[in-house]
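Colleague: Please find one structure pasted underneath; my questions will follow.
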C-alpha cells in the first residue's frame, strides 16, 4: 500500500532525525549494560561509559544461577499475563458501555469514575481495606486494585468512538445485533491497535510496578521481580541512613554495581520484547475491509 | 481472529473468577477496622507463667541481598534464634520483613492496622519521637527491670538515649565505633613538592595551594575533594568553632538528624569564609554543590585528581581488594596516601565530631501483648555467646581466628549464616573487643594487609580531640522534629551560596541566607531550645 | 416508561457495567473516607475515625506558609513547560515515525525509542549529572569543541528548566508516541490514496489527513493532561533538582516529602493531596467543557 516512490530529501532528513533520537535513547541503556559487564575498579573510577571495560560475565552468572531470581521472573510473567487479561476485560466492558452515546446515566457514571482519578483514600485506608478483604499476601492483591485505570478507559472510549463509524453501528442494530454481538463482532475486531496499545500499557505498568507489593506482600514467594530489584538497587543508596547505620550496614553484604546493573537488564529485557510482538496488531486497513464486507 | 477468540475465552474465565471473588469478599469488607488498641494493651501484664505457646513478631530489614534459597524471614540465623531462644521459652519467633528504604511508611501502615511486629526498630529519631508522642510506644522500663538484667548491663550508657519524658520508650542499641570522619592526603604529591605532612590548617592550605599551582593531578587537579556532604564540610567547620561550653552547644547549635550544626556559634562564619576562599582560589571541585551522593568526590579520588580527601571513617579502606585506596593505587602508579589531621582550631587542637555511643532505637508498640517476651528476647541476645554466634558464627566454619580475633572467612557457609548479621544482632552497632585499640586492630584485619598500618593510624586520628554529638535534651524538641528536612535544605543553601559567592560579597550572602534559615525554621527552633535548656537548668 | 424500556432493551450493556462499578465502589470509594485525615489531628494508633477533628487547621497551616506557594508556582511552571514542549513532542515523533520508508528501521526504532521509559529516575539522575556537568560533562566538552559554553545546565535556574524539560521529553517521548501511532493506524487509507492522486505533497498529507485523523486523541489527551496540571511526580524534580536551583525545583510533591512524610505527618500530606484533587477536578471539567463547546470533543 506504500507507494514505492523516490527517497526524497524529506525522507533523508526524517530518517536522520529518527536515527539521532534512537541513539540518544539507546545510550543510557548501553551504559547500564556496560556496567553490568565491567569489573569493579573501572566502575568505581567512573570510566565505564557505553562500552564495557574488563569485560566479564560474572554478574550475569550470579543472577542467572540465583533460583529465586528465576522464580521471581516466572512469577512476574504469570502475574503480568493474568493482570493484563483481567484488566483488559474489565476496561473493555466499561469502555464499550460508556462509549454508547445514548446510554442512560452515562454522564453520571463517567463523573463517578473521573472523580476517582483525583480523590483517593490514601495509603492507610487502602491498606485497611485490603486487610479486611483478606487479600494481604495473596496474588489477587497485585491484580484486583488496579484493574481499571480511568485514564486508559477514557483512551479506549475515544478510540471506540472515533474508529467505528456510526453508520456501522446503526446497520448492526437494524440487523438485530445484540450489544454483546456488536462488541464481539464489530467493535473488538476493529479496535486491535488500541487493544494492543492498552494491553502493552497495562502489562508494562504491572511489570514495572512494585509499590503495592512493597506494602501488601511480605511472603517472598510472591515478590514481583521489580520489588526484588528495587530492594537491591535502592536499599543501599540512601546514604544518610547507611551512614548512621555504620557498623551494622558494614556487617551487611553489599552488592557490587555490576550485579545491580545485570539485575536491571535481567528485569527489563523480557518486557521489552512485548512491544515488537504487539506491533503486528498495529495493522491498518481493517476499517476498509469490514465496511465493504 | 483466532488469537482474539483465544484471548476472549481466557478473559472470560478470569472474569468469572473475579466475579466470584468480588462477590464473596465484599461481604466481609463492611467493617473497616480502626484500631484502638493503645489503651487495651496497658492493663496486660506479663504472662510468662502461662504454658501456652505464644508468637513473638520481630522486625527485620529486607535489603534484597538474601543468598539463594533464603529469605530474611527464614534462614539459618532465624532458625538459630528459634532453636536457642524460642523453643526453650515456648515462643515462636516470627520475623517480619520491612523493606529497608520504606521502613517508616511501612511501619506507619502496620501500626495503623495494628499488625506491626512486637519488636520494631529504626534509626529515624523523628519517627520514634512522633510515635512516642502519639502514645504508640510501650514504656519498657518495668519490663527491663524484670526481664532484662543482662540487657541493661550490656547496653549501659546507651539506654539513656531511649528515655523521653521520663519513660523508657526505646531500647537503644550500643554503638561501638564512635569515629566519624578521617582524611587522607597524597603523600607522593607532598614528597614531590618536598612538603611535610601538614599538621595545621595553615600548612594544609599551603599544601593545597601547591597542589593546584603544580597541577599535581594533571589538568583536572582538585586539591581538596569536597562534596555537599557532611564528611566534607563538618570537619572543616568544627575546627573553626571557638565555643565549647555546653551552654553554647545548647543555645547556639541545632540538631538535624544525628548531627549538631553550630550555626550561631562563634567561628561558624569564619569556617564558611575559609571555604569561600578555597573555592575562589580553585581548591575545591567547582561542581561540589551538585555532588550530593559523593559519587564525584570518590571518583576524583580514585582517579588521582584529589590531593586531600576526607570521608566517613573506615570507608576508604573498606571493601578489601576493591577499596578506594586500592583502586587509586591501581589507577595511578606511584600513588601513595598518608592519614592526616588537616584542621586545627584556635587552641591548636584537632577538634572534630564523633558519634554518640548509641545505635538504633528498638521499640515495642503499645498494642503489643508481648512486651515481656520482647525484652526476654533482647536480654537473651545480650549474652556473650549469643553475640559471638550472631556476629561471627562458629570458628573454622564461619570465621577463623587471626591474632586472637574472629575474622569471617567469606566462605559460602559464612555468607549463608551472616549475610545480614547487622540487621539480626540489633542490640549493638559493631562488636566490642574491650578497648578502642582492640577494636581498631580488629577493624584492620578486614583491610588488605599492606594498608593495615595506615588504616589503624587513620582511625585513631579520628578519635583525636573528638567531641560526641549531638548534645541531647532530656526530650526531643517538637520544632526540630518538624523542621528536620527543612533545616537541612536551608542549611545546604547557606553553605553553597556563601561558599560560592565572590569574596567581596561573602558577608552579604552569608547574612541573607542565614536570615532565610532563621526565618523558615531557625528562630522557632532556637527559641524552643532556649526554653528547654532553661527548664533543664532548674 | 421510556427509560425502563431502554434499560431492558440494553440490559446487556448494564450487565457489563456491574463488575466495573463494583470495582470502583469497593476499591476506590470504600477507602475514600481517608480524606478526612486532612481535617483531623491524625493519630496512627487511634485510627482515622477516632482521631480528633481539627477543622481547617491543617489547611490554615499550609496556606500560611510561603514555601507552599513557591511549590505551587513551581508545580504549575514545570507542568506548564511539559505541556508546552513535552505534549507535542510525541505527536511529532509519531508522525515522523509513520513517515519512515524503511520498514525494518521503522520497527526497530520504535522499540529502541521507548527504552528510556524503562529506566528508573534514580539511574537517569546519575547519568544526567554525569553528562551535563559544567566541567568535563560530555555535553559541555562537545560544545566547547565547536567553541561554545560551558553552560551551567544543572546549576543555573533557567538552564536547569531547559534541562529538566528536555530530560523529561527524552524519557517519555517514545512511550508517549505509541498511542498516537495506534491512532494513526485507524486513519482510513483511502484518504491518503485520494490525496496521492491529487498529487499532494508529504507535508500536505500530514497536515490535512494525519493530523485531523488523530485530532480526537490529541484533544482527549490534552484534557487529561490539563487535569494533571497541579499533580507532579516526586522522582523527576527531586532527583534532577539540586540545592542551586531549589527555588525552581521545589514542587508540591517534594514539599509534602519535606514537611512530613518522613516522620509520618499524614494530615499535611492528605490536605495537600485534597487541594490537588479539587484543583485537578476543576481543571479537567473546565477543559472538558471548553473543548465540548469549541470542538465538540471531550471525555465526558
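Glycine residues also receive a Cβ, built from the backbone N, Cα and C atoms like all the rest.
TrEMBL feature annotations, pasted as is:
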type: DOMAIN; residues: C:72-287; note: domain 'ABC transmembrane type-1'
type: TRANSMEM; residues: C:12-30; note: transmembrane segment
type: TRANSMEM; residues: C:76-97; note: transmembrane segment
type: TRANSMEM; residues: C:118-138; note: transmembrane segment
type: TRANSMEM; residues: C:158-185; note: transmembrane segment
type: TRANSMEM; residues: C:206-227; note: transmembrane segment
type: TRANSMEM; residues: C:266-290; note: transmembrane segment
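I'd like these features described in context: how deep, what's nearby, how far apart.
Modeller: Panel annotation: around the transmembrane segment (C:12-30), no residue of the same chain lying at least six beyond its termini places a Cβ under 8 Å from a Cβ of the stretch (none).
Cβ atoms under 8 Å from those of the transmembrane segment (C:206-227) belong to residues 83, 87, 91, 94-95, 98-99, 179-180, 183-184, 186-188, 191-192, 195, 200, 280-281, 283-284, 287-288, 291, 295, 297-299 of the same chain, restricted to positions at least 6 beyond its ends.
Using a Cβ-Cβ cut-off under 8 Å and counting only residues 6 or more beyond its ends in the same chain, the transmembrane segment (C:266-290) has close neighbours at 34-35, 37-38, 40-42, 44, 54, 58-59, 61-62, 68, 222-224, 226-231, 252, 255-256, 259-260, 298-300.
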Colleague: Counting only residues 6+ away from its ends, which parts of the chain sit with a Cβ under 8 Å from the transmembrane segment (C:158-185)?
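Modeller: Here the qualifying positions are 77-78, 81-82, 85-86, 89-91, 93-95, 97-98, 110, 112-117, 119, 124, 128, 132, 151-152, 210, 213-214, 216-218, 221, 236-237, 240-241, 244-245, 248-249.
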Colleague: Would you mind listing the long-range same-chain contacts of the transmembrane segment (C:76-97), meaning Cβ under 8 Å and 6+ residues beyond its ends?
Modeller: 106, 109-110, 113, 161, 164-166, 168-169, 172-181, 184, 206, 210-211, 214, 218, 221-222, 225-226, 228-230, 232, 237, 248, 251
